[in-house]
Amino acid sequence: MAGAGERKGKKDDNGIGTAIDFVLSNARLVLGVGGAAMLGIATLAVKRMYDRAISAPTSPTRLSHSGKRSWEEPNWMGSPRLLNKDMKAGLSRSLQTLPTDSSAFDTDTFCPPRPKPLARRGQVDLKKSRLRMSLQEKLLSYYRNRAAIPAGEQARAKQAAVDICAELRSFLRAKLPDMPLRDMYLSGSLYDDLQVVTADHIQLIVPLVLEQNLWSCIPGEDTIMNVPGFFLVRRENPEYFPRGSSYWDRCVVGGYLSPKTVADTFEKVVAGSINWPAIGSLLDYVIRPAPPPEALTLEVQYEKDKHLVIDFLPSVTLGDTVLVARPHRLAQYDNLWRLSLRPAETARLRALDQADSGCRSLCLKILKAICKSTPALGHLTASQLTNVILHLAQEEADWSPDMLADRFLQALRGLISYLEAGVLPSALNPKVNLFAELTPQEIDELGYTLYCSLSEPEVLLQT
């Protein structure tokens, strides 16, 4: 029977060969030389495919004694003309998923590969956690060693500011008793314990008293200038209350109270009328007015190597609107008063941290220290960074101290996104774009610097 089977197979094989020979021998007569050649090549390819099919093992996974597969993959799998790039990639991934260890195969049956242990995923998560903890430790170290100001230095700087404020208040009451002012008070990041690196800056707010029936404020977006975040202070009822009815009529330009003229008035007092060397000698400080254009600024040396800058900031309050005489960056808007949002922003930040013992203020102080120590980030202001944190606080609820690294990275990504859009809306007044005073070039430089550091944020801590 075996012999008959072998003869039958051989007969079948010879029959196919005889048929092929007959076709090839007669093709020349019918198709000519060229056609016969093409038909011969095609017929030979069919015969090789037939030979491979009848010679392949019954199981494609049966192994030879060497442990490798006993049949080779078809040559067309490597042909660049038959496989495009996507197919090659898919094929490569498919081949890589096949087990290559010989122990994964049995000589008779195919055993599916064992699933990867869940421990590997846990190891990846652990590695990420270690990287996050490493950044967390670096952030805390940076804050302790670079950003935080010693309590003693803060106290001495505040005391110097309080002493100078008291002297200025006494002088104004004595020399200009008719100037309607409320009590001056200190403000700024040093006063709110949000200053970083050095205790070198504080603001002295000088509130003007305006008659409510003689003055009104007009939002900048409602004017032809269309500048949200700024206001015009207009003189009202001039037909019933003529010029001179208010002390501050002397600072009116074109029917509006000019912050520049108000600042010039105080400059004459601060820089020209007060004997600061004598006051400094009395207080054991070195005090001198800053040179122009910082007209309303005092430079104070309260210790041998400690300096403090005090900014005098005239302020007006009309209803619920608080404005300060900090000019717009562009000169054509020097008649506008700036809306004061910093006190409300700081109060919200402090309230959020007090509610859950969060790390929002800590994250903000680290960002401020980085920007203060990195010249390329010098255009970013404390208000902009504060609003980035406030926006992030609306998205993320967990601000526990161990989440500092995650929130720091999120703040960086958020800041980059705002720079990319060119818009950072105020968290308290979304109509105000806090990037409006930056030039496109400055925005590009800030975004580029932060984007380059995103892959390795530790670089920011080395400045």
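Every residue gets a Cβ built from N, Cα and C, even glycine.
Features as listed in Swiss-Prot:
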- Ser187, Ser189, His201, Ser340, Arg342, Lys368: ADP binding site (BINDING)
- Ser55: phosphoserine (MOD_RES)
- Ser59: phosphoserine (MOD_RES)
- Ser79: phosphoserine (MOD_RES)
- Ser94: phosphoserine (MOD_RES)
- 49-195: region 'Dimerization' (REGION)
- 57-77: region 'Disordered' (REGION)
- 160-169: region 'Important for interaction with DNM1L' (REGION)
- 234-243: region 'Important for interaction with DNM1L' (REGION)
- 1-23: topological domain 'Mitochondrial intermembrane' (TOPO_DOM)
- 47-463: topological domain 'Cytoplasmic' (TOPO_DOM)
- 24-46: transmembrane segment (TRANSMEM)
>> Which secondary structure state does DSSP assign to Ser187 (ADP binding site), in the simple three-class scheme?
In response: strand
> Widest Cα span across the ADP binders Ser187, Ser189, His201, Ser340, Arg342, Lys368, in Å?
Replying inline: 20
> Per DSSP, Ser340 (ADP binding site) is which: helix, strand or coil?
Replying inline: coil
> Secondary structure at Lys368 (ADP binding site) (DSSP, helix/strand/coil)?
Replying inline: helix
> By a Cβ-Cβ criterion of under 8 Å, what residues six or more beyond either terminus of the region 'Important for interaction with DNM1L' (160-169) are in contact with it?
Replying inline: 183-186, 190, 202, 204, 270, 274, 279, 283, 285, 287, 298, 300, 302, 308, 310
> If you draw a 10 Å sphere on the Cβ of Ser340 (ADP binding site), how many other Cβ atoms land inside?
Replying inline: 19
>> Looking only at the region 'Important for interaction with DNM1L' (234-243), what is the model's average confidence as pLDDT?
In response: 93
> In sequence order, which same-chain residues at least six apart have a C-beta under 8 angstroms from Lys368 (ADP binding site)?
Replying inline: Ala147, Ser189, Leu194, Val196, Ala382, Leu385
